[in-house]
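Input: a single structure, listed below in structure tokens.
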Amino acid sequence: MKFVYKEEHPFEKRRSEGEKIRKKYPDRVPVIVEKAPKARIGDLDKKKYLVPSDLTVGQFYFLIRKRIHLRAEDALFFFVNNVIPPTSATMGQLYQEHHEEDFFLYIAYSDESVYGL
């Protein structure tokens, strides 16, 4: 997926910012969250999050659900590198495995469980 954040901010600027964040907040993870291209779901009020490393993916789902005002029966799926991450994993584990060279973790969200639909 193409992340708008990457297109709006040059790599060096992102990397510099990501590096500063990691040094200043070593127990937190910088995350960029954007809606998948064809998702029929609400927009987030912001894209950039700084979350505790020990927060689980499941807890992060809850946080994002609240921010886009989803009802309990509405589906929400995350994609990290086109794969749905396990809800039991911590954001720190996800970050260690999937962060990019700019020190950010990128997560796409959708109402569909198949990426790109």
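Here the Cβ of each residue, glycine as well, is placed from N, Cα and C on the backbone.
What Swiss-Prot says about this protein:
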- Gly116: phosphatidylethanolamine amidated glycine (LIPID)
- 36-68: region 'Interaction with GABRG2' (REGION)
- 36-117: region 'Interaction with GPHN' (REGION)
- Glu17: site 'Interaction with LIR (LC3 nteracting Region) motif of ATG3' (SITE)
- Arg28: site 'Interaction with LIR (LC3 nteracting Region) motif of ATG3' (SITE)
Original post:
Which state, by DSSP, holds Arg28 (site 'Interaction with LIR (LC3 nteracting Region) motif of ATG3'): helix, strand or coil?
Top reply: strand
**OP:** Would you please pick out, from the recorded sites Glu17, Arg28, the one with the fewest other Cβ atoms within 10 Å of its Cβ?
**Re:** Glu17
Original post:
If one measures from the C-alpha of Arg28 (site 'Interaction with LIR (LC3 nteracting Region) motif of ATG3') to the C-alpha of Glu17 (site 'Interaction with LIR (LC3 nteracting Region) motif of ATG3'), what distance in angstrom results, rounded to a whole number?
Top reply: 14
